[in-house]
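Here it is, the structure, as structure tokens.
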Amino acid sequence: MAFLLFSACLLGHLTSASSLSYHVPERPPTNSSGPLAAAPVGVSMEFFTFPAYMTDVAATKTCLANLQELTGIWPPLRIGGTTQDRATYNASSNQAVTYSVSNPSDAPMTLTFGPPFISMAADYHGETIVGLNRRLDNLSNTIAAATLAYDEMKNLYAIELGNEPNFYTSSDPIADGKAWSPAADYASQISWQDAVCGNLSTSDLISAGVYFGTEPMNIAGLTAEEGAANAYVKDYCSHNYPQSASTADLAKLMGHSDIASQIKPFASEYAAAAAENKPYIFGETNSATGGGGGISPTFGAALWILDYVMQSVIMGVKQLYFHQGTIGNCQYCWWGRYDMGAPYYGAYLATMALAGAEQIAPLDSQDTAYAAYAIYQHGIPVKVLLYNSDYYTSGLRPSQTFTLSGIQTHAVSAKRLTAPYATSRVDLGENPTVAGLTFENGTCAIQGSETVEVTTVSNGQASFTVGASEALLIYLQEADNCFRRV
Ligand SMILES: *[C@@H]1O[C@H](CO)[C@@H](O)[C@H](O)[C@H]1NC(C)=O
Ligand SMILES: *[C@@H]1O[C@H](CO)[C@@H](O)[C@H](O)[C@H]1NC(C)=O
Ligand SMILES: *[C@@H]1O[C@H](CO)[C@@H](O)[C@H](O)[C@H]1NC(C)=O
Ligand SMILES: *[C@@H]1O[C@H](CO)[C@@H](O)[C@H](O)[C@H]1NC(C)=O
Ligand SMILES: *[C@@H]1O[C@H](CO)[C@@H](O)[C@H](O)[C@H]1NC(C)=O
């Protein structure tokens, strides 16, 4: 893997006005995360467009493979979204999907999918969640599709029964002309879990809940009703979009303490799932709904992904599936047919930070703009992630110095995630870099030569400068090699 060779080892020592000090605990401290999943950063693909991502978008395979190379595990995939609840399974169709739209940037209002859809999902090497329809109230149709997925997909992780049922209304077929309420949804979810798992003679299969946000329906309410049906549940799932086009505020999206406040309401959802001995996931998430409000394709959204992943896994979220929507009409997408999206750079560094990690601990109190995390493997700290979430859009770039103590080596290496500004976008020519590397438009191939910064350690202490709207991943164990080469 040529791109892992250190082509440059810089001795980094810049100066800055203010300074923060953190001790890196020798063992995971009490506020560490639980055991981490092997691949916490995943991808969600909108149901109707999943086949097109796999067959018509050249970057898809390499963008996923780049993440696989970091962890050894293909990123988990979820196939679903609004159009899963518009889709009907057609066992006699030889097409993956059949639909028509008047404009290629539209999502279809109705569609069918055939067995080739499931075969395509079975071809993916990572664990996969398939989202099936509940809204149209065709239980036997969903059971037919679930049976095929269960039989054919060795990579099947879970099945969803409906998408964001908190948005169902009394006019949806599943409501049967009655008001749709939390109680109606809980009863419906449980009876569908019974019927699907009963017909398959299996348990531990359903990704349950699938609620957007935490009100009015939530995981705490659903788990209270599950009873014996909890055995059919594989995990409990929430969707989270911090912002919408009308509330778009990039400084707030990427702000470290803002992220802490934004995810706080989900802590009780995690606790409800954990009380039932089930994992809790963000099965669909991204920065902003309704076209992204201009903030979604920016480097600030990449920084949001990075810090949001760390804070979420510390809270107990097992995996986060970042949604990829309509090809050619998707502000928050990580890649497209022509250009890369800046957010992918954040997903890449987040995956790199957590690759091989067993636990992560917050070193700061999550109430300022500055974040420090210690990342543990085999019980000892192996990496530290620093993040300066000050919002930077013009002029001289301010920076923050982080002084770490408790480092056991003589020199450490670091990889920097940066871009000209928080507002930078790939399609406008302001490419982010991660350790000096970029991802090629249209293919997602890694390009450039890697830049690793080396910092000397004295008396267990070293200082690092992180510019406003930048992050730095420090490898505590690996620098001596690189250092000798300088
Ligand atoms: C199912 O697919 C078959 C084969 O293409 C087609 O003839 C039939 O009309 C489809 N049924 C529906 C309901 O779309
Ligand atoms: C439900 O799905 C079955 C096929 O699984 C189909 O024959 C039937 O027409 C569907 N019912 C409705 C109301 O769409
Ligand atoms: C199988 O599904 C049907 C609905 O299609 C349902 O009525 C039946 O109860 C299910 N069987 C079992 C064993 O759960
Ligand atoms: C975690 O614990 C450390 C002490 O080990 C403390 O300084 C830090 O503020 C804590 N952070 C959070 C978010 O609990
Ligand atoms: C990607 O394409 C855009 C133009 O659409 C260009 O400005 C940008 O520099 C390209 N990025 C890379 C990494 O080649």
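Every residue, even glycine, has its Cβ placed from backbone N, Cα and C.
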Pick from 45-72, 129-156, 185-212, 353-380: which range does TrEMBL record as coiled coil?
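That would be 129-156, per the coiled coil entry in TrEMBL.
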Determine which residues of the chain contact the coiled coil (129-156) at the Cβ level, with the cut-off under 8 Å and only residues 6 or more beyond its ends counted.
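Contacts of the coiled coil (129-156) (Cβ under 8 Å, skipping residues fewer than 6 from its ends): 47, 76-81, 84-89, 91, 113, 115, 118-119, 121-122, 162-163, 165, 168, 172-174, 176, 188-189, 192, 195-196, 199-200, 202, 205, 207, 210, 283, 321.
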For the domain 'Beta-glucuronidase C-terminal' (372-473), report the average pLDDT of the model, please.
98
